[in-house]
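Per TrEMBL, the features are:
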- His234, His283, His347: Fe cation binding site (BINDING)
Amino acid sequence: MQLDEQPLLRELDHFPNISVDVPKAIKETPFKLLDAFVDFIYEFVDQPLLPSQNNFAPVEEIGEATTVRTVEGKIPDDFPEGVYVRNGPNPLFGGLKSTKSIFGESSHMWVEGEGMLHALYLKKDSGRKKWKTWYKNKHVQTDTYNMEKDRTKPGFLPAIQGDSPAILFSYLLNVLRFGVIDKYLSNTNVFEHANKYYSIAENHMPQEIDMHSLQTLGNWNFPSGSWNRPFTSHPKKAPGTGELVIIGIDAKKPYFELGVISADGKKMVHKADLMFDRCAVCHEIGVTQRYNVIMNFPLTIDISRLALGGQLMRFEKDGYARIGILPRYGDANSIKWFEVDPCCVFHVINSFEHNDEVVVRACRARQSVIPGPSSSVNQLEKFFKWIKRETSSIDDGSEFTKESTFPRVCEWRLNMKTGEVIEKKNLSGDEFAMEFPIINEKFTGFSNKFAYLQVVELKEVSGSGYTRFGGLAKLHFEEKKASTDEEDELVKAEYHMFPKDTFCSGASFVPKPGGIDEDDGWIITFTHNENENISQGSGPLVVINTCVSSIGIKAKTL
């Protein structure tokens, strides 16, 4: 998500005696003087992590790749050689920060933090009998990462969550000192296109990565300025053509644009402004053989709301929600909208065409956990009590409830001829909440039987909004759960739960070479034992889980 400084400065007119010519200020105001002003006015405070949250603490780069000398279990003989890589937030300078100043408080959200790549390499020896495995990690070296690294101390002020005046002045001071409103995170996903690999978060362009060294090769720059905004963390390959379908949101008009990149990655073959009337946060899209699937749900970014004292990012519980079905190269006039019940969706499982319908499956919650409660001690204490079932709500206007906050698997059937919507809000049941879905990518845009998701036991949610995943689930969409209720819409689910206090992240489906069935393959994931503080797959142990899930990963064949 990109926040442009010009609408921000117009909104600053609500505050008297503030008028800034940004280009002139950048040229004429000595950087050191501005830096001294920030050092004098602002106090950076580390956001504390509970002992149960050490899995979210940042780690250091290890330098050269290290050989994994202990293997627990056996790597299947027909497992493909390659590298399993994921990224995630790994904040510089000890962790996420909050700031205190005369303008109020602001803080990083739990999804922020500079991206770090974690790679596990798997290769057989020359005799093709024995596996060799080694591990390497490295920060994604975005432009803003290099700025802060050179400074050797925090510089960017948190600019999303906090008191309205504090956020507005964070924008202003970040722009004056660094030329951009906020840091480029690149901490959400790794994807491939045209045999190149990219790290991405939707507040900036992707960064190309050398998968052998994990070196950042630079931003993906499109020719002739054909794309001048960030794009979704989860772009999709169009079935049949290999084109890459992307979207980009912005806090100013045009709020929402869609693009289609050629299969060779060299040109933008289609681009359209979808004429949104708000900046709706759309984290992922869907594709079918002929259509793009657009989610326009009521988690919004609004600078005017911020300038008037509200939240920059907010879930509007009374706002509208709709799903758009757009021909691959269509525009705002060719999109067909379907109204659905207000909810929040970050991740789409899959979408496909079935007769006159477009079927969309996703992880649906009745509200958003982002931006979440305030980072203040008082609010975190309330949130923690809610998680422990000691209270039913939080008094910050967010109205969290245990039924609404965590996602379940849902399905929409959208009839392109009649406009009818058939909505199944809970295919997975209430036993577990589920997120970060993955499928066999060969079935993207086609009817699929299976999906794999990370499972959260509600009692294992951390007090600051961090969610820990204690297992994996395999859903069978064409089989119903055994039930005596003929009206029950639940599908069959298989679970693989990890040992106590062991949690996973960043799992990927690896198809079996030569496999015939959709579920011929393996799941590979990193796990972390919080009692022993040992990571399997990212530390001295490596585990290949052949059970039955995603946080920014990609399996690459070397």
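Just so it is clear, glycine is given a Cβ too, placed from its N, Cα and C backbone atoms.
Note that the structure is a prediction, hence the values are computed from the model and not measured.
Neighbour density for His234 (Fe cation binding site): within 10 A of its CB lie 22 other CB atoms from the protein chains shown. The sparsest Cβ neighbourhood within 10 Å, among the listed binding-site residues (His283, His347), is found at His347. The Fe cation site, placed at the center of the C-beta atoms of His234, His283, His347, has further neighbours from the same chain whose C-beta lies within 8 angstroms: Thr232, Ser233, Glu284, Phe346, Val348.
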